[in-house]
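Peer 1: Quick one: structure below, then a few questions.
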Ligand code: HEC
Ligand code: HEC
């Protein structure tokens, strides 16, 4: 996609966000139409149908192939890929929950509690930065080293002393050896961590969710209820302002795709905490501040994609909000006031909070409407797609 096209694409996105969905009647509408499709032709046979989504960026160093995707799927679900053989990627990323795990905080293979909430993997190929707040992690291949080899906290617990053992578990399984050989036919010794990572990254790049009720509504295949329409108009309008940070085709504000330049990677403080009255968030969850040590980056996190959000609770980087209704209560109040306990403090007064997070006048019905609209982002096909499921 050339620059002019990409500018047009962004214009299309923002017109979708600002006007396209402001329809008042029940039923299909919206000048956004089927959404942008300028790059549709980039799809390869190995990628799922893009249905109007832009072409994802696939690194030249790791092109997609059906064989790598098949191996990656096997390994994603394979508990042998952990030091003690008890955990796979899928232990914390369940397909039926859009690849989250339903827990407030993740738990690693040795029982260590992760300070963060497991993230969904729907459309992860389009994320410009990875994890809740790490501007430096921009490739799936690099991100994966964290759960596999990280020791703070231990997730899959692979370390120098057990690396050979982990690889040997695969070398003695004939079926898996064949998957490695097929995926990396030129390698004399294909069973390596480099290839494991390349294969799982390829599998993750196919996890595309674009068949939700909302997508079908854009294509005029279904109608929305009155409540869903009202919720959509609130979401896309200037009262609730959700679209400022969740307004891309992927319902976030860090999309990355072929031809988009520059790729923007904003992080935001939404006023979840204010433990010292000076804007403090609890360690080690201080967001971008953990990397930059700049006061203004305190509590700044990535706005997550809201696709499938109805099934990805509990919410926020630390799983500290249980339901979507409570997320709406939080936004309506313009932040969170915690009145007792170690995290007490009035997040509404956090000096580093984004200007876009302020008290919103939302009635109880408005909140219900917004929750109902968010429910239209659930993609049952994605949650049940046999191509993404545990291999038999
Ligand atoms: C112990 C649970 C656990 C395991 C096992 C695990 N993850 Fe995760 N995953 C998480 C958590 C927690 C986060 C958020 C991390 C953060 O923000 O620091 C995450 C984040 C991610 C992200 C970033 C998503 C985004 O939107 O940026 C990807 C990709 C990912 N995991 C893939 C994997 C893969 C692949 C594996 C297996 C090699 C794996 N995970 C194993 C818990 C886990
Ligand atoms: C200033 C940017 C911004 C605005 C405006 C905004 N959000 Fe968010 N949203 C975020 C960030 C950042 C997070 C993650 C915060 C964290 O974990 O600390 C988030 C998290 C969420 C989550 C939790 C998702 C998950 O997977 O845990 C939901 C749901 C959500 N927002 C919905 C909304 C709705 C609805 C609105 C409008 C009322 C809205 N947001 C407005 C930035 C924003």
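Just so it is clear, glycine is given a Cβ too, placed from its N, Cα and C backbone atoms.
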Peer 1: To which of the residue ranges 32-57, 58-83 does TrEMBL assign the term region 'Disordered'?
Peer 2: 32-57
Peer 1: Could you check which of the binding-site residues 89, 242, 246 have their CB within less than 6 A of ligand 1?
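Peer 2: With ligand 1 as the reference and 6 Å as the Cβ limit, the list reads 89.
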Peer 1: Taking the centroid of the Cβ atoms of 89, 92, 93 as the heme c 1 site, which other residues of that chain lie with their Cβ within 8 Å of it, listed in sequence order?
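Peer 2: Apart from 89, 92, 93, the close residues are 76, 88, 90, 91, 94, 99, 101, 118, 121, 147.
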Peer 1: Spatially speaking, which of the binding-site residues 242, 245, 246 is closest to residue 93 (heme c 1 binding site)? Use C-alpha to C-alpha, please.
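Peer 2: Closest by Cα distance to residue 93 (heme c 1 binding site) among the binding-site residues 242, 245, 246: 246.
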Peer 1: Check the DSSP secondary structure of residue 242 (heme c 2 binding site), expressed as helix, strand or coil.
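Peer 2: Looking at the DSSP assignment, residue 242 (heme c 2 binding site) belongs to neither helix nor strand, so coil.
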Peer 1: What does DSSP give as the helix, strand and coil breakdown of the domain 'Cytochrome c' (67-204)?
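Peer 2: Counting residues per DSSP class in the domain 'Cytochrome c' (67-204), I get 59 helix, 7 strand, 72 coil.
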